[in-house]
Amino acid sequence: MTAAVCHDLDHPGFNNMYQINARTEMALRYNDISPLENHHCAVAFQIFSRPDCNIFFNFDPEAFKQIRQETITLILATDMARHSEILKTFKQKVDNFDYTNKEHVACLKMVLIKCCDISNEVRPMEVAEPWVDCLLEEYFMQSDREKAEGLPVAPFMDREKVTKSTAQIGFIKFVLLPMFETVMKLFPQIEEVMVKPLRESRDRYEELKQIDDAVNEVG
């Protein structure tokens, strides 16, 4: 819960690729290794170090050490650059999952915080869609700055190349569904409340894309 609450603390609105390419202070501080996620962790534990915010003050040093280590591990797992690696590892374990195996449980926790982190499209359309608009605007602001600064621009962030429907179709089909469907093997009950809404969202965006394509053809 602590990792989930703290996983995006003090996010500047520009992703790791920007931090690294722009050689920001954050990228330099963390040697280009998950700069944002390392920053979120550091800010979290700076807050916890204040006497009025130290929710762990009752824990003995060994317990706190374990809490700190697991919190760091989970927040660092939210770096999307590690998505394929983490999901691949989980897929290797899920068919014979063993709750007594610490490695299995640690991997599950990383996958679950990733599900939380990028779960927007699981929510009802009227909740999810305004957040998609906010996210795309954040992407476009970054790509505008990258163009102005002569830095590489990711195609999925470029306002001249991306539409809401194309952005969401790709993200749902290639990132969200494969992950949530894998988790569903362990927790079948999420099919109705999470996987089904994802599939419906994919279908809705595919319909929107067809409408956009038809309008563009006429235009």
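Note: Cβ is positioned from N, Cα and C throughout, glycine not excepted.
Residues annotated as domain 'PDEase' in TrEMBL: 1-212. Per TrEMBL, the feature Zn(2+) 1 binding site maps to His7, Asp8, Asp117. Taken from TrEMBL, the feature Zn(2+) 2 binding site covers Asp8.
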Starting from the Cβ centroid of His7, Asp8, Asp117, the recorded Zn(2+) 1 site, name every other residue in that chain with its Cβ within 8 Å, sequence order please.
Ala4, Cys6, His40, Ile75, Thr78, Ile113, Cys116
Surrounding CB atoms that lie within 10 Å of the CB of His7 (Zn(2+) 1 binding site), all protein chains:
23
